Amino acid sequence: MSSPATAAAAAASCGVLRHHHPPASPRPPPTTTTTTSRLLLASRSRGLQRPLRVNHAPPRRLPPTAARAQSAAAAGYQPESEFYKVEAILRPWRVPYVSSGLLQMGIRGVTVSDVRGFGAQGGSTERHEGSEFAEDTFIDKVKMEIVVSKDQVEAVVDKIIEKARTGEIGDGKIFLIPVSDVIRIRTGERGERAERMAGGLADKLSSAMPIS
């Protein structure tokens with residue numbers, strides 16, 4: 001039986017020198033600490049001012065109640081405008097109640113027009129004075145348009161809802177449209193002075209002043 005030295009000499013005599021290395025042990029999987037250290041070294045080698053931070057925590061999600069509260073706050077946004085046109089689509093037989101309520105507020109400039117249409121809830125039935133109307137056919141409605149100052153918008157909307165609501169499908173809708181300016185044709189007045197033709201805030205303030 002040959003010794004290790006004899007085997008090495010025999011291999012060298014054949015012109016081939018063989019080195020026997022022990023098998024390499026498997027590397028352990030990288031840990032979170034190892035990965036973080038590598039990222040920190042990479043960030044420093046790139047000359048970053050701040051080391052790269054690794055956050056392994058799951059992303060924070062808002063609870064449903066907080067999300068709804070944020071949506072409600074965003075829904076109250078109104079574009080900046082001095083005047084607004086309040087456009088309401090109403091049942092014809094509710095118009096006298098709405099106009100009477102607006103007159104009590106001092107709103108006199110109202111434009112109404114007869115329109116026809118149906119809502120997105122096609123196929124439902126609207127009842128009035130014992131008769132039924134299918135909402136998939138055009139129904140007679142009244143469009144009421146009022147131009148008021150910004151300070152009066154909420155009061156006018158609340159009054160229309162109070163007088164026009166029945167609680168059934170088909171009560172209508174209200175649209176708020178910003179108005180850039182108001183011009184009186186007869187005199188050429190603009191802005192607050194011309195808004196008096198709509199029974200607006202300027203008209204109410206001037207009528208409330210005592211006559212000396």
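Cβ atoms are placed via backbone N, Cα and C, with glycine included.
What Swiss-Prot lists as ATP binding site is Gly117, Phe118, Gly119, Ala120, Gln121, Gly170, Asp171, Gly172, Lys173, and the listing cites similarity to another entry. Taken from Swiss-Prot, the feature Mg(2+) binding site covers Gly119. The compositional bias 'Low complexity' annotation in Swiss-Prot covers 1-12, 32-46, 63-74. The region 'Disordered' feature in Swiss-Prot is assigned to 1-74. Residues or ranges marked as transit peptide in Swiss-Prot: 1-68.
Least crowded of the binding-site residues (Gly117, Gly119), judged by neighbouring Cβ atoms within 10 Å of its own Cβ: Gly117.
Counting only residues at least six positions away in the same chain, the Cβ atoms of Ala88, Ile89 sit under 8 Å from the Cβ of Lys173 (ATP binding site).
Long-range neighbours of Asp171 (ATP binding site) (same chain, six or more residues apart, CB within less than 8 Å of its CB): Leu90, Arg91, Ala164, Arg165.
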